Amino acid sequence: MAPRLNFSDWWGKDTQRGTPVIVKMENPNFSIVEIDGPDAAFKPIEKSRGKNAKQVTWVLLLKANQAVGCLAWLATILWTLISTIKNRLIFRQGVSLASEKLGKSKLLFRIIKACLVVSLFMLAFEVVAYFKGWHYFQNPNLYIIPHTSDVLGLFHIIYVAWLDFRADYIAPSVKKLSTFCTVLFLIQSLDRLVLCLGCLYIKCKKIKPRIEGDPFKSDDLEGSNNSYPMVLVQIPMCNEREGLLTLGRYFALRDSIDIFGILLPNNELEHFGDVDLAWHIVHKAYISRVLHARKHCCQFAIGCLWFCHEPNIFFFLRFYSFSSGLCTQKFFSVTGAAQVYELSISAVCQLDWPKDRLLIQILDDSDNECIQELIKSEVAKWSQKGIDIIYRHRLVRTGYKAGNLKSAMSCDYVKDYEFVAIFDADFQPTADFLKQTVPHFKDNPELGLVQTRWAFVNKDQNLLTRLQNINLCFHFEVEQQVNGVFLNFFGFNGTAGIWRIKALEESGGWLERTTVEDMDIAVRAHLNGWKFIYLNDVRVLCEVPESFEAYRKQQHRWHSGPMQLFRVCLPAIVTSKISVWKKANLILLFFLLRKLILPFYSFTLFCVVLPLTMFIPEAELPFWVVCYIPILMTLLNILPAPKSIPFIAPYLLFENTMSVTKFNAMVSGLFQLGSSYEWVVTKKAGRSSESDLLAAAEKDLKAFGAPQISRGASESELSELNRLNKQKDETSTPVKKSNKIYRKELALAFLLLTASARSLLSAHGLHFYFLLFQGVTFLLVGLDLIGEQIS
């Protein structure tokens, strides 16, 4: 039976007086508005109307659904983490141990392992004592030892003796160490606060270096270019010591086979064995050669290097050109390496500067003929367009980047130039770079260096790149800018800067004594009285490493080199003629506080003292040391990159995790351990990296005793290669290499997790959460779960 609506009852009810008004809109929220009097629409809404039971039920169901979804998300993450730990630590699937060359010593790892074993033993000891009701010295029956000879009585005696020994001998030493680290922490925090206040003052007063007038204006109409000084541009390349990446054997041929444009489908390759596949490629290339014989000049041949799954078998295929009869063996590899030097050389060659006042040096330090020929071809292409560009290659590769730059500055024609601009291989300056930097040298004879800011094309690539962007933004926005404005001194960043050649020569030129040649020349120039300017508004595009392995090696070099330099430069700083306060700034602030104390206290305080105080509660750290000051300092660090504020917690935890690498590097450089003198190039993801796949393949050929591969490349071939690389980036999925296992980080992860479990017995809520999340962060880093693996 249908329900009755009782419209008559509704109509019979008392209604308020008033004229109803109907308002129609295109997208109405309300279709009928009843106005009773002129001010009825402005009366306050009655808030006494509550929700009925059905609405409350739905709200509770929605809240419960959200809670269940959150719990499911956390359970999924936890299950994934457990599965990853099982696969990588127990079954060792797709992982390998990270090299321990960083430090040449396993002493730190052994100490951490010993601490972990002791902490596990103490945790078991404290758990038994906790369930027996012995809560430190609070239990009045603690010292009432039962006169029995059983195990429990013996355990009671040992525990009481341990409490007395801990309180009398261990706790005072831990208190002194924690107090010392806390004082260093406060000093470094004060320095960070002063830098931020200085940056705020610069922003408020709008202080920045400015160019007065038109520096290139000349009264001589015929020779107007004479107002432009002579500028030398240098691009050092391939300064690394080791071969970097291994060749992707199967995938390199599968994704893109020949440079004629024939792409073999993936499913077509699955039906061939190793030998059949190799000859199938030759057949495809042969057909393509015939079909394109009338369109292309037949002056080159194709060579495909195929490594089979058996390491002692390889196929080196040759395909001979038809018309000229010349046999040019070419090695082809699917990689983004060709794009690197093309982008950097192209950007430098397009600088807006008179061609007769500009010389570009391409300083190729590679030992691979294939790479050399590719770079030579790129240089020849721009030379044909009228650009004054020179290719230089050293036969003796000593001194890494410093040796490369020193060799280039020894050329006779360098004396005709007044300034030198330096760009690393993955840097791309804008066309107006020289016009924004060189004019600052005019009428300023004491100026020796103009440094510009880096901008990162891949800062949003993954979590690791976002965290690096926070650090580097603070470095350039705050540290470099404040030191440049108030001190006229800062560390040269090694690239994206322009030097007065006279300043380089008077300061002793490039020296090979350290791996931080940029900081070395900056310190020596400062000791000779030269001033520096930092331009925060001029930015040069570059790339940050996307894998943790590359970032870890970069940070090791950046933190071991300054300590190495400090040992060498200290006598020169003390005996120099600069003012006392400049000497104090160099020694106390530039080297000791920011290069030595920072990694020391961050590792010791948060990775050693804090977990130690969980087992020695008499030396407990204050609440503000663990919480308030770290959060405040993290906020100050993250302010130059406001879009990264949501990553404040991961940034704080990750910086504490990196303190292990930085501390190890600092000790390595301070005591001159072996790895402090090794230059390990920073690997990039392929957007702007060195041509390292070709070098690795060349090394493999030498190992097999194969003939040497030489490569030449014309402009048309390189353009076709670029087209295929772009097509590969758009269509293919990256090939991930095996992950690394970092043992020190893993050992510290389990140590911190053990300390967090111990903090539960003491009911230390804040300490528990901090140690728990810090231990999980160490675990993620130790399993190489942060960053992106390089293909």
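Glycine residues also receive a Cβ, built from the backbone N, Cα and C atoms like all the rest.
Small disclaimer: the values here were computed from a predicted structure and weren't measured.
Database features, via TrEMBL:
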DOMAIN    420-622  domain 'Glycosyltransferase 2-like'
TRANSMEM  56-82  transmembrane segment
TRANSMEM  107-131  transmembrane segment
TRANSMEM  143-162  transmembrane segment
TRANSMEM  182-202  transmembrane segment
TRANSMEM  586-615  transmembrane segment
TRANSMEM  621-639  transmembrane segment
TRANSMEM  746-761  transmembrane segment
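Touching of the transmembrane segment (746-761) and the transmembrane segment (182-202) is ruled out by the presence of fewer than three CB pairs under 8 A, sequence neighbours closer than 6 excluded. Under 8 Å from some Cβ of the transmembrane segment (56-82) lie the Cβ atoms of residues 779-780, all in the same chain and six or more residues away from its ends.
Sequence-distant contacts of the transmembrane segment (586-615), counting only residues of its own chain at least 6 positions beyond either end whose CB sits under 8 Å from a CB of the stretch, comprise 119, 122-123, 126, 174, 177-178, 181-182, 184-185, 187-188, 191, 491, 523, 526, 559, 562-563, 566, 570, 573, 621, 625-626, 655-656, 659-660, 662-663, 665-666, 670, 748, 751-752, 754-756, 758-759, 762, 764, 767, 770-771, 774. Same-chain residues lying 6 or more positions outside the transmembrane segment (621-639) and placing a CB less than 8 Å from one of its CB atoms are 178, 182, 185-186, 189, 192-193, 196, 470-471, 474, 605, 609-610, 613, 645, 647-648, 651-652, 655, 766-767, 770. In the predicted structure, the domain 'Glycosyltransferase 2-like' (420-622) carries a mean pLDDT of 94.
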